[in-house]
Amino acid sequence: MSTIFALCTPWGKSGVAVIRVSGQDAVKTFMHFKISNAIKPRVATFTPLYNAAHEVIDEVIVVYFSAPNSFTGEDVVELHTHGSIAVIRMILCELGKIFIPAGPGEFSLRAFLNNKVDLTRAEAIVDLINAETEMQAKQAIRQMSGSLEKLYQSWRQQLIDVLSNMEAYIDFPEEVTSFAVENISFLLDKIKESLENHLNDGRKGEILRQGIYVAILGEPNSGKSTLFNHLAKRDIAIVSEYAGTTRDVLETHIDIAGYPIVIIDTAGIRDSNDPVEQEGIRRAKLKAESADFKIIMLPYEKKDALNNEIIDLIDDRSICVLSKSDSIITQNLININDINFIPVSVCCNLGIEHLLSAIQKKVEADFKFCSTSPFITSDRQRVHIQNAVNILKNISFELPMELISEDLRLSVRELEKVVGVISNEEILDNVFGKFCIGK
């Protein structure tokens with residue numbers, strides 16, 4: 001394979017920039033920049049870099065990783081330079097004379113091709129890079145440690161063990177007894193049950209990776225946009241005394257106790273003849289159905305006249321808020337018609353911590369086990385595992401052993417696609433195309 005190079009750190013002014021070179025000719029970097037110092041593997045070496053005119057480009061730290069003991073499994077040279085745009089540009093220009101610029105995710109792709117990481121670990125790398133909260137990072141790190149790979153490889157090996165027994169029975173049909181068939185059926189049912197339990201996870205891993213959606217719902221002028229802006233810590237939604245100001249769905253990302261929360265502002269729900277407002281209300285109701293959790297807003301002045309359409313939205317995913325509670329001193333829940341409301345006044349900054357704590361408790365009750373157990377984190381993984389289950393479900397022991405064996409092979413292949421034992425160009429493009437250049 002050709003030798004590639006790229007800037008690994010973000011482009012722009014910084015204290016330090018890191019430029020990575022990987023490939024069989026990576027050590028030519030030393031000769032090209034006229035590095036006279038003896039560079040030893042895994043030792044940081046301070047040295048000047050020279051251009052063709054023997055002018056100093058920069059004084060850098062060089063780190064050399066010899067194959068196969070590197071991230072990519074190839075010879076790797078890292079140049080730790082000053083983060084000057086001019087210096088970075090000059091070094092990249094020099095490297096471009098002898099090497100090929102790396103594409104997005106190409107270093108990680110080479111790590112995969114050289115058996116340094118499987119596909120689940122490769123996906124975890126990009127998830128860690130994109131993580132914005134502690135829980136997202138923890139999930140990615142756990143996956144990078146191989147928790148998913150070990151789980152899928154375990155199921156794969158169990159299927160291979162069953163397949164081996166099947167092949168033996170095909171070669172020695174006289175050994176096939178009703179007990180042997182029952183034992184194989186029992187083992188396959190156990191594997192299938194484990195796979196189905198893994199699939200029936202409420203998509204918790206994917207939700208944690210993408211963000212937990214919390215929709216703010218209520219009548220017009222119930223303080224939804226005011227609360228939304230307060231949680232976002234900036235003015236995103238237009239706040240007005242006129243009812244029906246919010247028409248479209250707005251989103252902002254916040255961090256609550258390390259969990260990635262996407263707060264959604266919606267149009268006020270009421271009867272309206274305005275077609276534009278009607279569309280906003282329709283979208284609000286859709287968000288009420290699809291959101292992971294809901295904040296139901298009721299203005300304090302309307303506590304004695306509950307809107308049935310709003311009350312009907314309340315379920316076990318809901319947190320009820322009595323908004324505009326400026327005159328209420330208590331921090332305790334207020335019970336109205338057997339519904340507990342958190343009194344909140346945004347303008348007086350009252351009840352906000354109570355609300356955030358309530359959101360945290362709801363989220364932790366649903367997602368805390370994500371911090372200890374390996375969960376599916378991508379649609380790609382889910383599709384292949386579901387395919388494996390479907391194949392196992394369709395196995396009939398009334399068919400010849402040869403056909404059952406073929407179905408088992410297909411199921412094994414689906415699990416192999418998850419970790420990348422079997423891969424094709426489309427799968428690799430889908431996984432590694434999400435990476436930035438330099439990773």
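Placed from the backbone N, Cα and C atoms, the Cβ positions cover glycine too.
Database features (Swiss-Prot):
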- Arg20, Glu78, Lys116, Lys439: (6S)-5-formyl-5,6,7,8-tetrahydrofolate binding site (BINDING)
- 221-226, 240-246, 265-268: GTP binding site (BINDING)
- Ser225, Thr246: Mg(2+) binding site (BINDING)
- 211-364: domain 'TrmE-type G' (DOMAIN)
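Geometry remark: Lys116 ((6S)-5-formyl-5,6,7,8-tetrahydrofolate binding site) versus Thr246 (GTP binding site), CA distance 51 Å. The average pLDDT computed over the domain 'TrmE-type G' (211-364) stands at 89. All protein chains considered, the CB of Ser240 (GTP binding site) has 11 other CB atoms within 10 Å.
Spacing of Lys224 (GTP binding site) relative to Glu78 ((6S)-5-formyl-5,6,7,8-tetrahydrofolate binding site) is 51 Å (Cα to Cα, whole number). When the Cα atoms are compared, Ala267 (GTP binding site) and Arg20 ((6S)-5-formyl-5,6,7,8-tetrahydrofolate binding site) turn out to be 49 Å apart. Secondary structure at Thr246 (GTP binding site), as computed by DSSP, is coil. Among the binding-site residues listed here, namely Arg20, Glu78, Ser225, Ser225 has its C-alpha nearest to that of Ser240 (GTP binding site).
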